[in-house]
Amino acid sequence: MLRWNEESSQAQAAALTRPAVSASAKVEAICKTILAKVKEQGDDALLDMAKEFDNRANPRLRVPLDEINASEQALSAELKYAIDTAYANVKCFHEAQLPKDIKLSTQPGVVCELKYQAIEAVGIYVPGGSAPLPSSVIMQGVLAQLSGAKTVVLATPVQGDKAINPAILYAAKLCGITTLIESGGAGAIAAMAYGTESVPKVNKIFGPGNSFVTMAKQLVAQTVPGMAIDMPAGPSEVLVIADERANPEFIAADLLSQAEHGADSQVILLCNSESIIEQTQQALTRQLAKLSRKETAEQALANSSLILVDSIAQAFDVSAQYGPEHLILQLADSTPYLDKVKNAGSVFVGDYTPESAGDYASGTNHVLPTYGYSASYSSLNLLDFFRTYTVQTITKSGLTQLSKAILPLANAEGLDAHANAVSIRLEAIKNEQ
């Protein structure tokens, strides 16, 4: 336990310091080699890498449409219900975010518009691993579907002789995704960035991944004209603010649900009760012993802090300084504090709002800024799948009046041609009279 007010500023900073995350020069070099190979060789490069990295004897790239359509037959009723519910809730929440164009007159004869346009082609990356991640498909695929993007490509790795898990295929089917690519890592990112014989080129790439995926996304965003990515990625994290009436078992469960993500995850508790912190420590020990990913969670807890603060108000100040990906509020009454929330990716209010709900099915998005980026980045939302452009229409009388602002500014900035583009029109208007 760390007593916040008794610690030096250096110790306080250390308690909020995240595990170092830095891509090695080796990772960057490998990614550059992979990107170049895919750019030059297309599908052949992807198939070669599937054999080399994924141990696939007879790899393929595109998943046939009939496999996607038949996927639900392989699901249990329980899992199908879960995916259907998550899809419906995420769609409901994000559908309300559909943007509306703006059109107004800034002054007589001057009309300005803001128009929203779906990004035409988007790529979604879904990591592989020991278990399928249909929730990752839903959190990104629903938004692509609602935006009306013309092309949506989903890439996910396949190991050995396995096929893409039917839960992934079914989630993709619900989201209207028909272009599924059996490819992972930096190669998949390169394929979506450059395009190959089987993989359409996209304009923006979404989705988490390992250090190779993260580096590849950064590289294509820097080198491929017009390419964008969603947001910087980092280890998962949660910060819990709790008071003296909070449930220590609930707190421990929430902390461990993040700690099990990875050894580089970080969890922090800010509480004004020494007794609750001590009980939480005991609950962590009990619950940790039952976890299948106990070793991973233990390593994450080594990077974590249980902090005693003087007041809940102070806890919010410390939280704002940290900028958590997930912020959980276990307070007798959170209402007075909601406006004090700063720099948090997503907030979970009350004893019965576990972070797991947002990860899967409440309706909010689980793609969130980590590593302190919540101070400047937002959770993934529908606007991330749109671009905007502006329109202005000016009448003769409108330009005549507006020229009184344009000409002095153009002259002050020494841009004669700018001024002339207005003056020549004013002269034409004068000659018409």
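Every residue gets a Cβ built from N, Cα and C, even glycine.
Computed from a predicted structure; not experimentally measured.
Copied over from Swiss-Prot, here are the features:
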type	residues	note
BINDING	S236, Q258, H261, H326, D359, E413, H418	substrate binding site
BINDING	Q258, H261, D359, H418	Zn(2+) binding site
ACT_SITE	E325	active site, proton acceptor
ACT_SITE	H326	active site, proton acceptor
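The record assigns S236, Q258, H261, H326, D359, E413, H418 to the substrate binding site, and the maximum Cα to Cα distance across that set is 56 Å. Comparing the recorded positions E325, D359, E413 on other C-beta atoms within 10 angstroms of each C-beta gives the minimum for E413. Distance between Cα atoms for D359 (substrate binding site) and E325 (active site, proton acceptor): 12 Å, as a whole number.
Note on the binding-site residues S236, Q258: the fewest other CB atoms within 10 A surround the CB of S236. H261 (substrate binding site) has a Cβ environment of 19 other Cβ atoms inside 10 Å. For the pair E413 (substrate binding site) and E325 (active site, proton acceptor), the Cα-Cα distance reads 44 Å. Burial estimate for the binding-site residues (H326, H418): highest at H326, by number of other CB atoms within 10 Å.
Each residue contributes its Cα atom, and for Q258 (substrate binding site) and E325 (active site, proton acceptor) those atoms are 11 Å apart.
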